[in-house]
Amino acid sequence: MLKSKEHVEQRRFSYHTFRRTSSSSTSAREVQQTSFSSSNSEFSPSPQQNQIHQSSESIAEAALEEGAGFADAAGGALESFSSGLQSFLREQVAPVRLASHLAVLVVAAIVILVRRVDPPDWNFPLHTLPADVPLVQSAAADTQLARRNPIVEVSDALQRAVLPFTRKSEEPAVASPSQQGAEGEPVAVTAPSRILSIQVYKVFPADNLQKIAARYDLRPETILWANPKLESNPDLLWPGQELIIPPVDGVMHVVRPGDTLSTLALKYKVSVEEIVDFPLNNLKSADSPINRGRQLIIPNGTKPYVARQVAMYRGPVPANAVRGSGNFAWPVSGHITQQFWHGHRAIDVGARAGAPIVAADSGYVIKASHGWNGGYGRMVMIDHGNGFVSLYAHMNTVYVRQGENVAKGEQLGTVGNTGRSTGPHLHFEIRQNGAARNPFYFLP
């Protein structure tokens, strides 16, 4: 806008210069015209022409003056806007800068003060348990664990299963801070008392006796002996089945003719006092009569293991029969669904139906059957020629025949659900000189 104003001034200056020049030219022309008119009067301008010329000059000058006024107004507005904008920026930016500088100073002051302050020394006394308490609890836990697993063999070697599995923890209970005394002394923490009554449990899918027993803190044998249908085959479980759950470990006995407390104590390897002192038996003394059909609970009682019988080849093993190496391999891939215990002298490996089953070691097939086989269902037995016999049960298909030689890793058949079984799995046994052994101690 400033440039426009200067341009207008220049134009005005040029216009006035033009007028002065025009005036001089006009005077000269007038002199010439006078001279010319004296010689030729017809070329002199008329009054009307002079009037028109003057009107044109007036209009041009007014237009130039109006343009100059507009330029002056625009320049003034621009200068006013520029000064207002600068004032606004000074008013807004200055407080922001001041606040930022002030914040930096405050932070620096806080840091200096914190570094100069010495924090107090908080020392809280720690109360420790006596050294002998965990030792006593550990010994008690070890004793209880040994009592609950009298059949399991002990080995220092680590055994690798098909898939990892866990056991129930037997860690001793530790008193929480809220359970400690007023001065922090540890107090005795007792396990919740048992319900002294016989209970009924409904089986869920994927249950087995070990899982059910763990829920009630009982040995699997206790539940096995309380349910006669399971005693001959611990695998005979199905969802919805109802099981009798005794209140304590031991045997539930129905009195028969000729039974006495003394004979029962001898049979189940306990004392008469243990039978009499159990509250649910309602016995006043060792001489109390026991009537036929009465049910008694024998605490800590045990029963002998009765192995399942299955017919197998009893003839001589050919001289050319393949002998095993004694190093067993896993017969199937899957997950452990039931372990080896007193009432289940085998391991169960859960797998999909149709999964391949292979020979755990080389040997001679002494049985390959598709029948019921005492609940084993379709099964294969291999004599490894070194005192070991392996058994594979509940198979879906059997690929080998009795009297054949098989190599270690050769497929025997597929996983199934035949016999007394409640789901596809392999029932795997290892027998040494006729005695059932825990397969975990022979598998890699």
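Every residue gets a Cβ built from N, Cα and C, even glycine.
The compositional bias 'Basic and acidic residues' annotation in TrEMBL covers 1-12.
The compositional bias 'Low complexity' annotation in TrEMBL covers 20-51.
The domain 'LysM' annotation in TrEMBL covers 199-245 (among others).
In the domain 'LysM' (251-298), the DSSP tally of helix, strand and coil residues is 16 helix, 8 strand, 24 coil. Here TrEMBL flags 251-298 (among others) as domain 'LysM'.
The region 'Disordered' feature in TrEMBL is assigned to 1-58.
Shown for the domain 'LysM' (199-245): DSSP residue counts in helix, strand and coil, namely 18 helix, 8 strand, 21 coil. Restricting the average to the domain 'LysM' (199-245) gives a pLDDT of 84.
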